[in-house]
Amino acid sequence: MNNGMFITVEGPEGAGKTTIINMLANRLEAEGFQVLQTREPGGIEIAEQIRGVILDKNNTKMDPRTEALLYAAARRQHLVEKVKPALEKGYVLLCDRFIDSSLAYQGYARGLGIEEVFSINSFAIEGMMPKLTLYFDIEPEAGLERINQHKGREVNRLDLEKLDFHHKVREGYLKLMELYPDRIYKIDASRPVEDVYKQAEAKLKEVLEGKI
Ligand SMILES: Nc1ncnc2c1ncn2[C@@H]1O[C@H](COP(=O)(O)OP(=O)(O)OP(=O)(O)O)[C@@H](O)[C@H]1O
Ligand SMILES: Cc1cn([C@H]2C[C@H](O)[C@@H](COP(=O)(O)O)O2)c(=O)[nH]c1=O
C-alpha cells in the first residue's frame with residue numbers, strides 16, 4: 001500500500017535544491033502534512049557509506065559503469081529502508097535527487113546511454129517512480145559559482161569535472177524533460193530564492209491537491 005507522495009528535486013550543482021527543499025518542508029509541516037526530507041546518494045547509513053566512496057576526490061580511477069552501479073546500489077538500499085516505509089506511512093517524501101540524476105549524469109554526461117542506465121536502475125527501483133520531479137534549471141557557470149561561494153560545502157569528485165561535463169548534465173536534464181513531460185516540471189532556478197520557492201510551491205500544491 002502506498003498512500004504518501006513521492007516528490008523528487010533535480011538539477012545541476014548549486015541549483016538551490018537543498019535550500020528550497022528545506023523551505024517546502026517547513027511550509028508543508030506548518031500546514032499539517034507529515035513530511036520527510038532525504039537525499040541521494042545517502043539518506044541512510046549504507047547509502048551514506050556508498051556516497052563516501054563515489055564522491056571521494058581520491059577515487060579518480062572510478063570507471064563510469066562502476067559509478068553508475070554504485071549510485072543504483074545506494075538508491076536500492078535507500079528505497080527499501082527509507083522511501084517505501086515513509087510512503088506506506090503516508091508521508092510527503094521530498095528527495096534531493098533520484099533516478100534522473102543517474103540518467104543525466106551517468107547516462108547522458110558520461111555517455112553510458114540514458115536507456116542503459118535506466119535499465120540497471122529498473123532492477124533497483126522496481127517501478128517506484130516519483131509522482132512529480134521539480135527540475136531546477138540553471139546555467140552550470142552560475143550554479144558552480146554559488147557552490148564556490150558556499151562556505152563549508154565540501155567540494156566532491158563530481159564537482160571537479162570539467163565545465164563541459166556540467167553543460168552535458170544540463171543538456172541531459174533538458175532531454176529528460178522531453179522524455180517525461182508529465183512528470184518533470186521546470187523551475188527557473190537562476191531567480192532569487194523567494195521567486196524560486198514560489199514556483200516550486202505552486203507546482204507542489206497543484207500535485208498535492210490532486211489537480212494533476
Ligand atoms: N536562488 C538562489 N539565488 C542565490 N543563491 C542561492 C539560491 N539558492 C541557493 N543559493 C545559495 O547557493 C548555494 C547552493 O545552494 P544549495 O546547497 O541549496 O544547492 P544544491 O542544488 O542543493 O547544491 P548541490 O546539490 O550541488 O550541493 C548556497 O550557498 C545557497 O545559499
Ligand atoms: C543521485 C546521483 C547523484 N549524482 C551526483 C550529483 C552530484 O554531483 C553528486 C551528489 O552531490 P550533492 O551535493 O548531494 O548534489 O552526485 C550522480 O552523478 N548520479 C546520481 O544518480
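Using the three backbone atoms N, Cα and C, a Cβ is placed for every residue, glycine included.
Automatic, uncurated: that is what TrEMBL annotation is.
What TrEMBL lists as domain 'Thymidylate kinase-like' is 9-198. What TrEMBL records for Gly11, Pro12, Glu13, Gly14, Ala15, Gly16, Lys17, Thr18 is ATP binding site.
Annotation for Glu13 (ATP binding site): spatial neighbours Pro140, Gly143, Leu144, Ile147, Leu158, Asp159, His166, criterion Cβ-Cβ under 8 Å with sequence separation of six or more. Cβ proximity to the ATP site centre (mean Cβ of Gly11, Pro12, Glu13, Gly14, Ala15, Gly16, Lys17, Thr18, cutoff 8 Å) flags the following additional same-chain residues: Phe136, Ile138, Gly143, Arg146, Ile147, Ala189.
Its Cβ placed at the centre, Gly16 (ATP binding site) has 23 other Cβ atoms within 10 Å. Taking all protein chains in view, 27 other C-beta atoms sit within 10 angstroms of the C-beta of Ala15 (ATP binding site). In the predicted model, residues of the domain 'Thymidylate kinase-like' (9-198) average a pLDDT of 97. Proximity of the binding-site residues (Pro12, Gly14, Thr18) to ligand 1: a Cβ under 6 Å from the molecule is found for Gly14, Thr18. The local packing around Thr18 (ATP binding site), expressed as other Cβ atoms within 10 Å of its Cβ over all shown chains, amounts to 15.
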